[in-house]
Amino acid sequence: MGGVHPQDLQTARVEDQKQPTKTPEVMKLLRDNIQALLFEATTDDEMDKVVAVMTDMTVPAGDVVIHQNDHGDKFYAPRAATVRATRDCTLWTLGRNEFRTVARLGEGEYFGETSLLNDQPRNCTVRAIGPVKCLRLHRSDFDSMLGPLYAILEMNAFKRILRMFDIFKTLSDDEIEHLTTHFEIVELGSDKTIFTTGDNADFFYIVRTGSVLFFPDGSTSASIDPVTLNVKDYFGAEMFQGTTYQSTVRTGVDSATCFRLSKTFVNEDLASGRNCCFLRQTKSKTALNPLSLLELSELVHIGVLGEGSFGRVSMVQAFVNAEEHLLALKCVSKSHVVECHQQEHIMRERAILHDLKCHPFIVQLHATYQVGPISRWSLQFSRVQDQNYLYMLMELVQGGELFGLLHANILDRPLVEDDIKFFAANVYLALEHMHKRDIAYRDLKPENLLIRWAWSAMKSCHSRGGGALSSANGYLKVVDMGFAKKIPFTAEDDNGHVAVHARSYTLCGTQEYLAPEFVLNTGHDLAVDYWAFGILIYEMFLGYTPFETPDGDIAKLFKNIAFVRTGANCVQFPHDCTADFPVACSFIESLLHGDPTKRLGMGQNGSHEIRNHPWFHDLDWDKLRDQQLPVPYVPQLNGRYDTSLFEGDQGLRSTDIDYDGAENYLFEGF
């Protein structure tokens, strides 16, 4: 194989000129192509400072910009033409060195970034194929403007790490900032015990560099294989519970560093009454939901709301302190779940519903049960019966699906823009709540948006009527968390190593609502929900989804969606729609961006980009959350026990098979 040899390399002859003012084109290049890739942890103001100190340089054709193994202190972004990156490859059998091309870089790409982050030597040689213009950033300039770069990036990255832990997710930005100032960095030498089982739990740790060995049962015997905790893994959570450590943790042959939070800080925050996560947890424990204490035998069957392959959903009645409550009971066959390998699916749904409790626009889970089959009018049973079912007692949302409102001519008029904006804002608040907890919903569609309809509770154990309509009727509730998933998520490989995964590759959802990253299987994150949000709003305006085909061809549908990612396709509107609703169309277009990193809601300001979009400028978000805004539509039902807005036919599913209980451990904790 022929190659380029060191003697052929020449140092680049460059013309270096400071640019006091950047053109709009240069600013756009930097923001769109550099900030998103390298400086995503910096704020817009910080990025402006970076742009201000970058310089232009010109490299003649054939000259070298950087040499492999040289010390580097500059970062480069080509503005025109192309450079070639090569890497030295030693071929001992031939007794000589060769240079292999590893990349060709053009406008919108970059190289030399490692020199900004650390003092490592260049890992490749880069030379100009033709005359090249580059923007160049000196590490000294960056540090002088922003302070040490690594510290800035690490601190902002650390804030994102904290958001991954359940105990910190509900904190505001200011509270996260306050919390980060109380973590210290500790150096842990090799072969050092950090704590052992029974020690007072005085510290909480997050691995910063290196790794540590975790012994769950406290034994450090050579016959026991420990769990290796790597960067971003944590240990010592017993500190938050006020107990002793239940495990032993030590370093291995290599040293490690950790972020460490002291119990002293937690106690001081509690004593001062600061509105921190620990105080919130303490208070929340006292707010017990009385419906969570209901026994299954206290529920009375009213009617079937719907049936599916795994079970049915019924309306049930219960009384708490002489107040009548109408609820929904989801009954799932264990045998069907095991047969279809959906154990993880159903357990995750329960966990996510528990995590999302008490939000006005998300259906609430009250209790779960594992018992035998139910009777027609009463759910009384013997606990020694075969345990064939899983039960989920949930909030009843009685007003039917948004799908019916869109396609069944329930209204005597079409939806107007204000109606669509109202329903869209309902959905946004639900998605915002999920995304703050790193939960991707992954199944947004009109069928999963139920319209609230309820009567106020009756204080009579004998009444089957009366009461008054709830003031919250007409608002939406997001239901069915079967496809919801935490992203990022942790997973353990076959060797017991736990790793953090930033994307999921599971294909799920409804075909017309799938984002390009689903169709192309490039991995997805929370951005898929914003794509589906754009599809939903489009359908509310026009009555159909933007990429479907007249003949229902699924292959064409997927091609239409995939081409949005490549730029060969985009969302299109009828002319009268763009003329009458230009701001709404612009809003939808920004949600249906093919690149998930550039989709509205995924930028520096997160979901606030959606909340602050001009389309929502006249919406009172506080009144919406408190359900004080007028609603476009209130479902019409004949009394509180009316199930007519649901498909309540029975006998549509096969007979459930008795569950033998052989794999009952799979449902432990349900």
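Placed from the backbone N, Cα and C atoms, the Cβ positions cover glycine too.
Keep in mind the model is a prediction, meaning the values are calculated, not measured.
Taken straight from TrEMBL:
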- Lys330: ATP binding site (BINDING)
- 38-148: domain 'Cyclic nucleotide-binding' (DOMAIN)
- 167-236: domain 'Cyclic nucleotide-binding' (DOMAIN)
- 299-616: domain 'Protein kinase' (DOMAIN)
- 617-670: domain 'AGC-kinase C-terminal' (DOMAIN)
- 1-23: region 'Disordered' (REGION)
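All chains included, 22 other C-beta atoms sit within 10 angstroms of the C-beta of Lys330 (ATP binding site). Over the domain 'Protein kinase' (299-616), the average per-residue pLDDT in this prediction is 85. Applying DSSP to the domain 'Cyclic nucleotide-binding' (167-236) sorts its residues as follows: 10 helix, 26 strand, 34 coil.
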